[in-house]
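Undergrad: Let me give you the structure first, and then I'll get to my questions.
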Amino acid sequence: MHFHFSKMHGLGNDFMVVDCITQNVYFSQELIRRLADRHTGVGFDQLLVVEAPYDPETDFHYRIFNADGSEVEQCGNGARCFARFVRMKGLTNKYSISVSTKKGKMILDVEEDDQITVNMGVPEFEPNKIPFRAKQKEKTYIMRVGEKTLFCGAVSMGNPHVVTVVDDVDSAEVETLGPLLESHERFPERVNAGFMQVVNREQIRLRVYERGAGETQACGSGACGAVAVGILQGLLDENVTVSLPGGDLHIHWQGPGKPLYMTGPATHVFDGQLSC
C-alpha cells in the first residue's frame, strides 16, 4: 500500500493527515500505532482521515484516530488542520466547510489571516450524554482520584472532558492524575483530563492529558471544554484566551444552549509518501 500524507500541527498538537478520497488507504490499529511512533514512524498525536461525505448536506467526513489506534469522536486542533488541508490539496475552494464526524457535524470557517474558526457545537453537560456516571447534573462533582479528592466539571464537546481548577498549572500533577482520570470508572468511554489555572475572567492557562495520547502541547476540544466548565461555574466571561504549552486559542461561548466557537492557527509542516 502506497499513499501520500501531510504532517501538520495546531499549536504543537501534531497530526498525520491523509486524503482517503483520491487514495485507497486502510488503517489498521496496528499500522496506526507503528506510524505514530516518534522513533520508528512518522510520529503524531492523532491521525486525521479525510473521507467523502457520508451526509449529502456536508462537504467531507472527518475521522480521528489517537496514537494508540483508537478512533475518537472529536479533535478541535485537528479540525483546523483538516480545513487547511482540504483547501491546500484542492479538495475544495470553500471558506466555510461543513464536515460530519463520528458524533455530529461541524462548520470550519477559514479567515483571511489564516486563522480558522470552528463551530464546536453546543457543550453537553448531561451526565449520560458525556458519558459520566452521576446521579444528576451538577456544575461541580466531587471525585476520588487515587489518594486525592478533586472538585471537577464534566462536559462533552463531542468527546468527553473532565476539568479541574488548579492554583498553578506548571506544578499540577498532570503526569500522575492524568492517567488516573483518563481511565476513571465514572467515565465508561475514558476521558480527556484538563488542568485549568484561572488567570482572570478572560484568560486561563491549561494543560490536557488526552485520552489515548497522553499530555499534548495543545488540545482544542480540551480548551473548549475548560472554558465551558469555567463559564458554567461562574469563573469566566464569554470571550476567553486559553494559553496552552503550544500557544493560544480564543474561545467564545454565550452560555448554555449556545454553540461554542474556537479560533486558532493550523500549520503545514511537510508532505511525504509511504509504502506499507
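Heads up, the Cβ atoms here are built off N, Cα and C, so glycines get one too.
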Undergrad: In Swiss-Prot, the substrate site includes Gln46, Asn66, Gly76, Asn77, Asn159, Asn192, Glu210, Arg211, Gly220, Ser221. Which of Asn13, Asn119 does it also list there?
TA: Asn13
Undergrad: Can you list, in sequence order, the residues of the same chain other than Asn13, Gln46, Asn66, Gly76, Asn77, Asn159, Asn192, Glu210, Arg211, Gly220, Ser221 whose CB lies within 8 Å of the CB centroid of the substrate site?
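TA: Not counting the recorded site residues, we get Asp45, Ile64, Val72, Gln74, Cys75, Gly78, Val208, Ala213, Thr216, Cys219, Gly222.
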Undergrad: Helix, strand or coil for Ser221 (substrate binding site)? Use DSSP.
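TA: Note: Ser221 (substrate binding site) is helical by DSSP.
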Undergrad: May I ask for the distance between Ser221 (substrate binding site) and Cys75 (active site, proton donor), taken between their Cα atoms and rounded to an integer number of Å?
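TA: Ser221 (substrate binding site) and Cys75 (active site, proton donor) have their Cα atoms 6 Å apart.
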Undergrad: So among the recorded positions Cys75, Arg211, Cys219, who's got the most Cβ atoms within 10 Å?
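TA: Result of the Cβ crowding comparison: Cys219.
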Undergrad: Where the distance is taken from Cα to Cα, which of the recorded positions Asn13, Asn66, Asn77, Arg211, Cys219 turns out closest to Phe270 (site 'Important for dimerization')?
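TA: Checking each of Asn13, Asn66, Asn77, Arg211, Cys219 against Phe270 (site 'Important for dimerization'), the shortest Cα distance is to Asn13.
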